[in-house]
Amino acid sequence: MSAFKIVILPGDGIGPEVAAAGRLALETIGDVFGHNFTFEEKLIGGIAIDTVDDPYPADTDAACLAADAVLLGAVGGPKWDLKPKRPEQGLLAVRKSMGLFANLRPMDVAPSQAFRSPLKEEIVSGADMLIVRELTGGLYFGKRTRTETTATDECLYTVAEVERVAHVAFQAARKRRNKVTSVDKANVIETSRLWRETVNKLHAAEYSDVELEHALVDSMAMHLVTRPKDFDVILTENMFGDILSDLASVLPGSIGLLGSASLGSTGKGLYEPIHGSAPDIAGKDLANPIGTLKSVSMMLRHSLNLTKEADTLDAAIEAVIKAGTLTRDLGGTTSGSQVAKAVSDQIRIQAKVEA
Ligand SMILES: NC(=O)C1=CN([C@@H]2O[C@H](COP(=O)(O)OP(=O)(O)OC[C@H]3O[C@@H](n4cnc5c(N)ncnc54)[C@H](O)[C@@H]3O)[C@@H](O)[C@H]2O)C=CC1
Ligand SMILES: CC(C)CC(=O)C(=O)O
Ligand SMILES: [Mg+2]
């Protein structure tokens, strides 16, 4: 039996709903496999602004830094839009404070589920990619200025920042289909030229066994939905990765299906679905919890070293999807909490199958 300290940051909108699904899965895994997970729920985002006037309170930071792993729901909502203190600052702050420079966003379309895509089945069926998004640099972290008539956002990247995330992408490719597509806008932007040069140098020095190609972000958006099966690992900077991963979520049929791991140089990580707080469906038990459950599976694998448990959770998720127990975004009629319960029940069944 092992003991793990998990911090949960439910946040805003559908955040608390999907975070509850993640917690239930962890509780069930703990029960079935005999692990002692202790949970601490902390404030972040809009609810933290409302409660303590700070999107990332100091005690949330301390708890995240002391945890074995952190699970995030989502932050943000119209209530806080255009206010000087924004919920999203909380999310940027936790990523920065924990040093989480690489955000891994896997996307795959199982052939049996390809019919759920709004795109043609033959285009998406079997697509399987990993987006490696730089997470603590670029436009989201640059200096901003504002007067009544002008605004600027600085986009800064250093060679060291590009190298450390490129290592993650090349190493991930070696465990997959050995191909990296690095995405930039090097025909226009200076940071992209630095990005491309740095990736090329690192490739030549350490990863010449991995196939490397470069793509410009605008045409890449088109290629992602017209020939997604050509891509394995996609390496890109912060904002491009944010946008391209939401686009990639169209392939399996819903943004609610994609999870992510935000990692740094230690084993600790922040695990978060790729979607936002979805104010349009919040509080209605309509949110698809699968992206969060996949994030929990990544947590088990990457931070807690619980491979068997992660495999069991993956099998449980797959069984629930195959049974058609789905939320409205995927054409189903099941509530989010019922999907979470179905996955929890399946964890018990799958664990017996594997034993
Ligand atoms: N990681 C985070 O906390 C993120 C927060 N945001 C914030 O979320 C708020 C809303 O942003 P949007 O652009 O609307 O993006 P969003 O991802 O929240 O929603 C986009 C669309 O996808 C749907 N959707 C999202 N997650 C879903 C789920 N699990 N199940 C079913 N449908 C789902 C929503 O209902 C909406 O129609 C904003 O305040 C934004 O800043 C946005 C992205 C990431
Ligand atoms: C700061 C966040 C709201 C950025 C985002 O959309 C994301 O990480 O997916
Ligand atoms: Mg996003």
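Cβ atoms are placed via backbone N, Cα and C, with glycine included.
According to TrEMBL, the features are:
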DOMAIN    5-343  domain 'Isopropylmalate dehydrogenase-like'
BINDING   ARG95, ARG105, ARG133, ASP218  substrate binding site
SITE      TYR140  site 'Important for catalysis'
SITE      LYS185  site 'Important for catalysis'
BINDING   ASP218, ASP242, ASP246  Mg(2+) binding site
BINDING   GLY276, SER277, ALA278, PRO279, ASP280, ILE281, ALA282, GLY283, LYS284, ASP285, LEU286, ALA287, ASN288  NAD(+) binding site
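Checked against ligand 3, the binding-site residues ARG105, ASP242, ALA282, ASN288 give ASP242 as the ones with a Cβ under 6 Å from it, listed in sequence order. In the three-state DSSP reading, ARG105 (substrate binding site) counts as strand. The shortest Cα-Cα distance from LEU286 (NAD(+) binding site) to any of the recorded positions (ARG95, ARG105, LYS185, ASP242, ASP246) is found for ASP246. Taking only the Cα positions, the spacing between ALA278 (NAD(+) binding site) and ARG133 (substrate binding site) is 22 angstrom. If you check the binding-site residues ARG133, ALA282, LYS284 against ASP242 (Mg(2+) binding site), the ones with a Cα inside 10 Å of its Cα are ARG133. Looking at ASN288 (NAD(+) binding site) and LYS185 (site 'Important for catalysis'), their Cα atoms lie 33 Å from each other. Among the binding-site residues ASP218, ASP242, GLY276, ALA278, ASP280, ASN288, the residues whose Cβ lies under 6 Å from any atom of ligand 1 are, in sequence order, GLY276, ALA278, ASP280, ASN288.
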